[in-house]
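As annotated in TrEMBL:
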type	residues	note
DOMAIN	17-45	domain 'EF-hand'
DOMAIN	49-84	domain 'EF-hand'
DOMAIN	86-121	domain 'EF-hand'
Amino acid sequence: MGNEASLPDLCSTFDVEEIKRLAKRFRKLDLDGSGSLSVKEFMSLPELQQNPLVARVIEIFDTDGNGEVDFKEFIDGMSQFSVKGEKEAKLKFAFKIYDMDKDGYISNGELFQVRLIFLGLLLSFMVKSE
């Protein structure tokens with residue numbers, strides 16, 4: 001992960017203390033110490049286990065497409081959830097959630113896929129509550 005003193009260069013959304021906290025969280029999630037997070041390591045967070053779009057979010061975080069999220073990708077991705085983040089960047093991130101084939105458009109099929117993801121979550125909650 002490199003020198004934490006140079007981390008602010010990674011992202012202007014977070015201050016040094018926030019980046020240090022994110023680095024600590026990243027190290028805690030990196031169960032195998034590889035320096036990157038797998039989907040399984042991400043899913044070790046209870047709050048993500050219930051998120052129907054977690055696999056999609058991880059895919060968007062993984063900008064180099066190697067199947068894992070390194071620290072720079074983690075910081076860049078987390079900046080989308082910061083209240084200090086730019087609105088346009090947040091809108092682009094939200095768009096990417098739906099644009100599954102990455103063609104720059106959201107088709108009816110992609111809307112349907114996301115709807116099915118949410119429907120599956122709703123059904124699983126209904127079954128658990130019975």
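Using N, Cα and C of the backbone, Cβ positions are placed for all residues, glycine too.
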Would you report the average pLDDT that the model assigns to the domain 'EF-hand' (86-121)?
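Per the prediction, mean pLDDT sits at 87 for the domain 'EF-hand' (86-121).
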Take the domain 'EF-hand' (86-121) and count its residues per DSSP category (helix H/G/I, strand E/B, coil), listing them in that order.
26 helix, 0 strand, 10 coil
